[in-house]
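So that you can see what the record holds, here are the features copied from Swiss-Prot:
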- 1-11: compositional bias 'Basic residues' (COMPBIAS)
- 41-54: compositional bias 'Basic and acidic residues' (COMPBIAS)
- 110-123: compositional bias 'Polar residues' (COMPBIAS)
- 373-382: compositional bias 'Polar residues' (COMPBIAS)
- 390-404: compositional bias 'Low complexity' (COMPBIAS)
- 631-642: compositional bias 'Low complexity' (COMPBIAS)
- 1163-1174: compositional bias 'Basic and acidic residues' (COMPBIAS)
- Ser55: phosphoserine (MOD_RES)
- Ser58: phosphoserine (MOD_RES)
- Ser631: phosphoserine (MOD_RES)
- Ser1081: phosphoserine (MOD_RES)
- 1-21: region 'Disordered' (REGION)
- 34-70: region 'Disordered' (REGION)
- 95-123: region 'Disordered' (REGION)
- 354-426: region 'Disordered' (REGION)
- 617-654: region 'Disordered' (REGION)
- 1163-1190: region 'Disordered' (REGION)
- 75-101: zinc finger (ZN_FING)
- 146-168: zinc finger (ZN_FING)
- 271-294: zinc finger (ZN_FING)
- 331-353: zinc finger (ZN_FING)
- 544-567: zinc finger (ZN_FING)
- 590-615: zinc finger (ZN_FING)
- 689-711: zinc finger (ZN_FING)
- 777-800: zinc finger (ZN_FING)
- 986-1008: zinc finger (ZN_FING)
- 1047-1069: zinc finger (ZN_FING)
- 1091-1109: zinc finger (ZN_FING)
- 1286-1309: zinc finger (ZN_FING)
Amino acid sequence: MSRRKQAKPRSVKVEEGEASDFSLAWDSSVAAAGGLEGESECDRKSSRALEDRNSVTSQEERNEDDEDVEDESIYTCDHCQQDFESLADLTDHRAHRCPGDGDDDPQLSWVASSPSSKDVASPTQMIGDGCDLGLGEEEGGTGLPYPCQFCDKSFIRLSYLKRHEQIHSDKLPFKCTFCSRLFKHKRSRDRHIKLHTGDKKYHCHECEAAFSRRDHLKIHLKTHSSSKPFKCSVCKRGFSSTSSLQSHMQAHKKNKEHLAKSEKEAKKDDFMCDYCEDTFSQTEELEKHVLTLHPQLSEKADLQCIHCPEVFVDESTLLAHIHQAHANQKHKCPMCPEQFSSVEGVYCHLDSHRQPDSSNHSVSPDPVLGSVASMSSATPDSTPDPVLGSVASMSSATPDSSASVERGSTPDSTLKPLRGQKKMRDDGQSWSKVVYSCPYCSKRDFTSLAVLEIHLKTIHADKPQQSHTCQICLDSMPTLYNLNEHVRKLHKSHAYPVMQFGNISAFHCNYCPEMFADINSLQEHIRVSHCGPNANPPDGNNAFFCNQCSMGFLTESSLTEHIQQAHCSVGSTKLESPVIQPTQSFMEVYSCPYCTNSPIFGSILKLTKHIKENHKNIPLAHSKKSKAEQSPVSSDVEVSSPKRQRLSGSANSISNGEYPCNQCDLKFSNFESFQTHLKLHLELLLRKQACPQCKEDFDSQESLLQHLTVHYMTTSTHYVCESCDKQFSSVDDLQKHLLDMHTFVLYHCTLCQEVFDSKVSIQVHLAVKHSNEKKMYRCTACNWDFRKEADLQVHVKHSHLGNPAKAHKCIFCGETFSTEVELQCHITTHSKKYNCRFCSKAFHAVLLLEKHLREKHCVFDPAAENGTANGVPPTSTKKAEPADLQGMLLKNPEAPNSHEASEDDVDASEPMYGCDICGAAYTMEVLLQNHRLRDHNIRPGEDDGSRKKAEFIKGSHKCNVCSRTFFSENGLREHLQTHRGPAKHYMCPICGERFPSLLTLTEHKVTHSKSLDTGTCRICKMPLQSEEEFIEHCQMHPDLRNSLTGFRCVVCMQTVTSTLELKIHGTFHMQKLAGSSAASSPNGQGLQKLYKCALCLKEFRSKQDLVRLDVNGLPYGLCAGCMARSANGQVGGLAPPEPADRPCAGLRCPECNVKFESAEDLESHMQVDHRDLTPETSGPRKGAQTSPVPRKKTYQCIKCQMTFENEREIQIHVANHMIEEGINHECKLCNQMFDSPAKLLCHLIEHSFEGMGGTFKCPVCFTVFVQANKLQQHIFAVHGQEDKIYDCSQCPQKFFFQTELQNHTMSQHAQ
């Protein structure tokens, strides 16, 4: 998941002097405003509307900040032209500090407070006005901080520059089709257009505003919060943001600086006022001064004037201030045309228009008085409209006060009006004194609502404020001032006829003859007078009232459901329908036909508003239709709700004493007949109730409701996010939302287990924490690399210190030379004079030829040395011819020994393919073809004779030693390794001598043994007769200090590093023991010597069991069986049975090359599996005379070294490895990762030859390569499992290199 980096708005450049002067002047003006700066509801609303209207364009400039300098965000107030760094500061300034009008100019296309507008007017206005801003500083000049990029003008503010740039329409060719704004680049215009059409996924839960960015939503949410958690520690003033508080603290900081300065000038005055800088000698005088002149800075002052920001300590001082400072202001009564000079006089006069509450514990005083009190506290300087008193009295807001009525000595007495008492009193008459109490604290001695409102606004300003609802259109207003303006502009013509006092417009109580001017007064009267426990309403009515809210219902079940839902109560008293006293004609009230509790509304407009908001604009049920088509529910309401009917303007029927029926136009002379007639209408309509959708009739309202629910019920499945509670219509949308919003990509360091949230962070971490430097020390004479300086010193001591003038030594004759070129020229004098009689290999020295004969051809007779290098051996006197015998030896697959400790790069048992140009030999024809193509540029199939000399001469890479030429640099590099000889990297820890391989070092270390001629175990003193007993004793006496193998030689007590080294010790000690025993015994008795057949490698106790043959001057011994098969023309047939006292070993099937332990098993195998073969045809397949029988091809897993017979099995096995272990393979030596075991093996080979000058030597045949992958390919092609040197002590696996063993131990056998 990626998220684009959001732009940060750039701060506006302001001069230091200008900023300090503005801060001081601004904080002084704000300090004078006192605590009223957070209570202006008008400003809050304007800020909220400002934010909502510009939520789209406020995002654009922050995104454009990444590309264009002209699109950097700036926030400027459109009234006072002050710039701000963030939208939060601008919103706080507009809501609480801006001295200008809070209303936005509707003619501007972008509001000035939006960051997208940049205080820029509409482009059409700018072009029409000619950029005449009307101010001198906005016209621009020269040398100002913000120059125009299109002309020579510069401006003092960035906002002026943005306005000016819009006139350069030729330089801004891209125009927004939505708001006509101009842009310099198309990408800016396209990104801006997306803000008009893009999705806003961040919605405000308080209002319907939506934003495209989360930070814009956070800024917008601050406009809904009235809390100011940041308090000034000096003046206790609250702020909504830290930036506003810091700006305010600058004023106190300057006051402290002036205080320090004044203290130095006048040391006698110790106390100074923080507001006016007056000094006093005592704290009492300072406190008195603050209480008198600056009460807003005093902690004791908690009462604020409703007309101005002045704060006072007690009520008497506040009232005195109101009479003195605001005595000339006239206040009009909202109920009548009278005016008063003081607010208190208005409140006292309003008592004449209300009936006082019956209990001081009521939390709902008279709606008229409570609403007017709330109005006057919100807008004290505004003259209330006469309509406001009536409209506000119908609002649903509950005043924040409780009224306590005092009458005589019993303040809690219930005031019950007499039946014949007049409701409208004169102005001179007044009720008993009303005492008001605070609903939030224990104060109960407020003489008027004005004092109570002042107390609530100052002491309990953090309490939630009530909303005010218009009773005509049901719109909610934040303050009564807004409600007054709303009614005056929109509903003034509708409000007067309804709310005006007169003889023909009043509300009649159905329980008593009382009449009221508004429906709220009627509800209050019913709740007080007729809802008590002792009230006994008349019986026999079919309508019911709620005793808590005085709402009427048609059925008892509707009333019960209303009480449970609205008042969370089940035990409330139900009020039955009162008796109607018709003295005048009535007007109908309206009920919602779709609500279960059937609420009643006073006008069709209110009912329409209710249905539009709650029932999706369903048409009204009681429209002008015939009586048969009307809804039963609405008809029921119209008939059975005379309890809430209004009086009509005509009084003719009432004056005649008649009671007209509003359903059938009948008239009755007495009320009893009229009531009985209405019950007939009610019973007739309640018999059957029809569905308003399908006209189906139902017997009960419950069945009708259950049926009607089906028409409006739809089911849908939504998928909700558990984190943010957002709903989605499909699972795909939910998953996309979870991936986009609730998914994080983390980066895990496998070296130290730390987690990072970005790729850049982990790259920095790896570069700082895990990048270790490693120094290498190189010898300038031989270019060898060493990790430690001590190793280089030892190398110099043994290699270059003895003869510093001649540091290069010949490995054949020991002669030294001063330069490498002289050594290479000298090496050319050593030609390969000594040839092998069996495989045509040539060697530089006789010792190398003898070693080759012992290891490859099992020839240990020193008589072979007697023959010359190029001499012809004597012919054999036996039956078998030398040529046939040599062919038999070459064809036998078991004739050669293992490849261990071989110096040659080609196995003699494999076919040889020689290059007739340079003499290079290869085991495969493909390798020879690659060699000819790479080094001699001869393609397969071309005539070698015609191209041989020409292509040989064309080689551009020439060897400086032997003058041979090559076509590639790699071929020349590989050829040069043959002149340099094997590199000696293995040093003897006893004498310091170096050897080219670990095998030669092991053979050398044996010569340092002090127990050369002893064949006994030095631990248990038991004699050792064979190599098997030696190995068994070494396993019986393990070396716990040896962490590699766990073994040591029990004869010489040397520590061995591999199983191969242990076998070499056993062979060496047993051969010395056999030689010493034979020399010490006069009769030649002692350890019995075994003799092997040169063809089948069978062992015999007596030399007489073998027939001696001389082939090319070398003696060989063949058993009788091999001689018989040779005479019959067979090769490799069944061998004769071995002597009974010793089991035979090394029996193989000539057809499938399977090895058996005994001759009986081999014979049984031949009869079962190769029955069709006759003895004459049971020999091996005929082939070339120089090629033996090919071995069966097998496949070995590099990972676990398991062998498989076909390619499919190895593929399935490798696939299982990948499923179980994955495709990543780690090198435990350096923690690098590879995607295949072959690459890991190649990497481990590089570890083995670190610091070796870039050469790689085969540990088996010592062939030198310049690339590790070439050596790896060579090992796979030439050497097998039996040639591996290092054995794992904990499992049967073997390895060619020690680094392979170390990596295997750390990965598979780590504790």
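Cβ coordinates come from backbone N, Cα and C, glycine included.
Residue counts for the zinc finger (1047-1069) under DSSP, split into helix (H, G, I), strand (E, B) and coil, are 11 helix, 2 strand, 10 coil. Residues 900, 998-999, 1002-1003, 1005-1006, 1008-1012, 1014-1019, 1024, 1027, 1030-1031, 1033-1035, 1037-1039, 1041, 1285-1287, 1298 of the same chain, all 6+ positions outside the zinc finger (1047-1069), place their C-beta atoms under 8 angstroms from a C-beta of that stretch. When DSSP labels each residue, the zinc finger (777-800) comes out as 11 helix, 4 strand, 9 coil, counted as helix, strand and coil in that order. Averaged over the zinc finger (271-294), the predicted model reaches a pLDDT of 77. Broken down with DSSP, the zinc finger (146-168) shows 8 helix, 4 strand, 11 coil. For the zinc finger (1286-1309), the DSSP-based tally of helix, strand and coil residues reads 11 helix, 4 strand, 9 coil. Secondary structure of the zinc finger (986-1008) per DSSP, as helix, strand and coil residue counts: 9 helix, 4 strand, 10 coil.
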